[in-house]
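K.L.:
So Swiss-Prot has the following annotated:
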type: BINDING; residues: Gly79, Asn110; note: anthranilate 1 binding site
type: BINDING; residues: Gly79, 82-83, Thr87, 89-92, 107-115, Ala119; note: 5-phospho-alpha-D-ribose 1-diphosphate binding site
type: BINDING; residues: Ser91, Glu224; note: Mg(2+) 1 binding site
type: BINDING; residues: Arg165; note: anthranilate 2 binding site
type: BINDING; residues: Asp223, Glu224; note: Mg(2+) 2 binding site
Amino acid sequence: MKQILYKLFEHQYLGRDEARTILQNIAQGKYNDAQVASLITVFLMRNISVEELCGFRDALLEMRVPVDLSEFAPIDIVGTGGDGKNTFNISTAACFTVAGAGFPVVKHGNYGATSVSGASNVMEQHGVKFTDHTDRLRRSMEKCNIAYLHAPLFNPALKAVAPIRKALAVRTFFNMLGPLVNPVIPTYQLLGVYNLPLLRLYTYTYQESATRFAVVHSLDGYDEISLTDEFKVATCGNEKIYTPESLGFNRCRESELDGGNTPEDATRIFDAVMEGTATEAQKNVVIVNAAFAIRVICPEKPIEECIALARESLESGKARETLKKFVELNG
């Protein structure tokens, strides 16, 4: 590791194979915490390259616990985190909204590293027991139209660095990697990122894959569609900026999306959205993220129709019933 760190400190970049080997060594415990923290710090000081990102991703996908749910052609809705906004669990709520609308979802998530509550915190608050058994995940898809993959069960490197990430409490290149390494390799993905350079990096990376995707970024820094500002949506060969008003939504204030101070707070907000008792801002931000996910699956549908499908799922109680069945089956 010493030679690697010297190379990076001299402002050199890693090759794809080199990055792949380094992450494999991290997963195998070949470096101590101080060395790993030093490596992470390098990528806080400069942008990661495409070759480095792809190499790290290669390692995680090679080491993953494979899960074949391809027959469901599922979507994942996931953000990098690390935007410093501490929102409630918008993408998780959007996943259940999309599943309630009849589209298969495989959510890949983790505990919060830079926020109060990640998707796994909310699932755990509901008594969900995480599993890496394909038969149980397939049953969840068949019965509920959604399965949940707790990242550390499927990616040993993510588990190995979890304590370091939590101790640092700032975004790291592992935030960038999380959305890229869903072990199912879903057919569709809606990916949220915390800045425009990463939006371009993700778009470039996904153009080489078979996954149909959209990458979203709110221009005021959110790693999801926040409705607090204009937002950009990038797909293969296309980028477009939307305003909340152009889609029929009022702008939100940042305070209206806050996730609270504890996982319990975040779960109460999540439940209020599912129950239909949340604020208009909280419901709308879930609806718009779910709508753009549906648009990834059905690009021929106008976005207005996708918004209507997402709204109907949430407001009719279909999303709530999906969550209820999911918790009963997986608790």
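Heads up, the Cβ atoms here are built off N, Cα and C, so glycines get one too.
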K.L.:
By the DSSP assignment reduced to helix, strand and coil, which category contains Glu224 (Mg(2+) 1 binding site)?
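P.N.:
Going by the DSSP assignment, Glu224 (Mg(2+) 1 binding site) belongs to neither helix nor strand, so it counts as coil.
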K.L.:
What is the separation, in Å, between the Cα atoms of Asn110 (anthranilate 1 binding site) and the residue listed as 'anthranilate 2 binding site'?
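P.N.:
Distance (Cα to Cα, whole Å): 12 Å.
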K.L.:
Can you give me the Cα-Cα distance between Glu224 (Mg(2+) 1 binding site) and Gly79 (anthranilate 1 binding site) in Å, rounded to a whole number?
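P.N.:
Cα to Cα, Glu224 (Mg(2+) 1 binding site) and Gly79 (anthranilate 1 binding site) are separated by 6 Å.
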K.L.:
Have a look at the binding-site residues (Gly79, Asn110) and report the one with the fewest Cβ neighbours inside 10 Å.
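P.N.:
Lowest Cβ count within 10 Å among the binding-site residues (Gly79, Asn110) is Asn110.
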K.L.:
Neighbour count first, Cβ atoms within 10 Å, every protein chain included; then name which of His108, Arg165 tops the list of binding-site residues.
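P.N.:
Its Cβ has the most other Cβ atoms within 10 Å: His108.
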K.L.:
When the Cα of Asp223 (Mg(2+) 2 binding site) is compared with the Cα of each of the binding-site residues Gly79, Thr87, His108, Tyr111, which one is closest?
P.N.:
Gly79
K.L.:
How big is the gap, in Å, between the Cα of Thr87 (5-phospho-alpha-D-ribose 1-diphosphate binding site) and that of Arg165 (anthranilate 2 binding site), rounded to a whole number?
P.N.:
19
K.L.:
Measuring CB to CB from Ser91 (5-phospho-alpha-D-ribose 1-diphosphate binding site), give everything in the same chain under 8 Å that is also at least six residues away in sequence.
P.N.:
Ile77, Val78, Gly79, Ala119, Gly192, Glu224, Asn289
K.L.:
Three-state secondary structure of His108 (5-phospho-alpha-D-ribose 1-diphosphate binding site) from DSSP?
P.N.:
strand
K.L.:
Quick one: pull the CA-CA distance for the residue listed as 'anthranilate 2 binding site' versus His108 (5-phospho-alpha-D-ribose 1-diphosphate binding site), whole Å only.
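P.N.:
One finds 18 Å between the Cα atoms of these residues.
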K.L.:
Would you count the other CB atoms within 10 A of the CB of Asp223 (Mg(2+) 2 binding site), including those on all shown protein chains?
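P.N.:
So the number of other Cβ atoms within 10 Å of Asp223 (Mg(2+) 2 binding site) is 29.
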K.L.:
Quiz question: given the binding-site residues Thr87, Tyr111, Glu224, which has the greatest number of C-beta atoms lying within 10 angstroms of its own C-beta?
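P.N.:
Result for the most crowded candidate: Glu224.
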K.L.:
Can you tell me whether DSSP puts Arg165 (anthranilate 2 binding site) in helix, strand or coil?
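P.N.:
The three-state answer is helix.
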